[in-house]
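This report concerns only the one structure given below.
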């Protein structure tokens, strides 16, 4: 008599439960409450409700609870298995997903379908479980799913992730009707193994088949263009996106900005950036890093401050770009200010940020702070070790760099190619030929690191600077790869240093053949002719430059005063304090002459009068920057100047004497090395950057 109302009540409660689960549970507590009601109503065999309960649990990443719910289900069907397998894979529980699939195969009543295979294959790909993946492929054929596009896409991903690219391509080619997901899978496979040109070719094939790419496909193919520097293909994809209205997605637009920056086209990157309706911190970071890495550090700073005005909080990569720009400009105050924008612990816990900070301090000549950061870092990976080795070597503390390298071995960290680049550069700066030969030899025979063209370039530079020009030339001839402009340029540097004009001519001919667009090579060849008083030949080279519309890269120096970076060029008269700067220079040269300074006019390679040569030397950008710093800073401040080209010999000698007569510490960094001048009562210390600091040696021995 009372059974009918009770049955109706259970039905009503069951409907309410379905509505509750269908609307989504936002907490695990709510899921558990629904589960309890389900058990109390005896609905634990209702596959629809159990399935909904599983999805809710998995959406909340409660994989363990979902597994318990599944285990309590009396007769799970393929739909429940698929839901749990997919949820486990989505939550990176790959081992659990494979175990669940194995238990399903033990049930003769449950057969995998086209929803099962893709997720189990994804788990196999992540676990590198080749055996199970191959077994699944055979089962796919046996169960008649060999033409299913989703299953085959899963196979393409599995084979790609496990290194069987030819198998992946074979499966892909056999798919009767390929969709955008299957095209994206094979494109990603090619990119992962470095076949970026082929990936772009596949993207063209996708378009020819009339398939519309999604945002993920576009992001990946733009990444392929950025890896190879394929600007032409990148522009073509950009044009296609504009024509088809695919630029609105912030992730795609950010990838486009990143592609243009990696290909060196900052003007186009800025156009895309300015056209974005929505900009997140990732896009800002891409532009900042682009300017910093493409030799436009002041632009990088401007964009960072623009981001600040937009109230966008900088992320790790924006900070790396900003610090890189500060390092390039020698802007120590600005870098210190930026460091305060981020929690100090982030620098010490994040190797990417810590490495950027070490590099920044080292390039600003503040090696003590660089070492202090290194000591304080909680996570020291190989990149961090490489940064401090390179920083110490760059600043002339080669012994300390060797010591840190030894400590790498003691903590069981294997060096890589970048480690040896730092060591070899240190040997070059200190003139340690035997040590350089030893490290170069040990790379392959002791540490199993194959020398690259960068390492050969370092060795050629080391030998050439030491005057071993014949040995350097022989090393170039013995290289297993063709020498590039950097290698020949290293040999040229030695030729200039040791005045071997005959070999320098031969080297420059090689450089002009490699880089006919580089005006610097023509200028150097003209300078060699000028130094040999072959004025007619020098003039002929310079005339050809003018005819081709090529211009020499102008010398440029930067100096930071009160957090503002000031830029000077040779003969600059654009600065607001120009009059005072030239007055200071005139006063300085008077003091320098009394101290015995004579302008080294051989560095002005023009057929002009000696008096004019002295004038040209006096207007070099680094001298202007130093003069400005002298009138704008206190006597206790260190003067830090960065130059984009090499400091000439006359400026080196003049600034060394400026340090003496003004009793100021001056650090000049050019594109080659540091020139550190510190005046003490007993005279000038430094100049070559070889002086070692006692605390660094103690640090290497005792504190690492």
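Cβ atoms are placed via backbone N, Cα and C, with glycine included.
Remember, TrEMBL labels are computer predictions, not curated facts.
TrEMBL lists 596-678 with the feature domain 'DYW'.
Along the repeat 'PPR' (77-111), the predicted structure has mean pLDDT 90. Under the heading repeat 'PPR', TrEMBL lists 77-111 (among others).
Sequence annotations record features per position, and here TrEMBL assigns repeat 'PPR' to 179-213 (among others). Helix, strand and coil counts from DSSP across the repeat 'PPR' (179-213) read 26 helix, 0 strand, 9 coil.
Per TrEMBL, repeat 'PPR' is recorded for 249-279 (among others).
The repeat 'PPR' annotation in TrEMBL covers 280-314 (among others).
Note: the repeat 'PPR' (381-415) comprises 26 helix, 0 strand, 9 coil (DSSP; helix = H, G, I, strand = E, B). The repeat 'PPR' annotation in TrEMBL covers 381-415 (among others).
Feature annotation from TrEMBL assigns transmembrane segment to 383-405.
Sequence-distant contacts of the repeat 'PPR' (280-314) (same chain, at least 6 residues past either end, Cβ-Cβ under 8 Å): 250, 253-254, 257-258, 260-262, 264, 266, 269-270, 273, 320-322, 324-326, 328-329, 331, 334, 338, 341-342, 565, 567, 644. Taking Cβ pairs closer than 8 Å, the repeat 'PPR' (249-279) reaches residues 215, 218-219, 222-223, 225-227, 229-231, 234-235, 238, 241, 286-287, 289-291, 293-294, 296, 299, 310, 312 in its own chain, all 6 or more past its ends. Taking DSSP states H, G and I as helix and E and B as strand, the repeat 'PPR' (249-279) has 22 helix, 0 strand, 9 coil. As a summary of secondary structure, the repeat 'PPR' (77-111) carries 25 helix, 0 strand, 10 coil according to DSSP.
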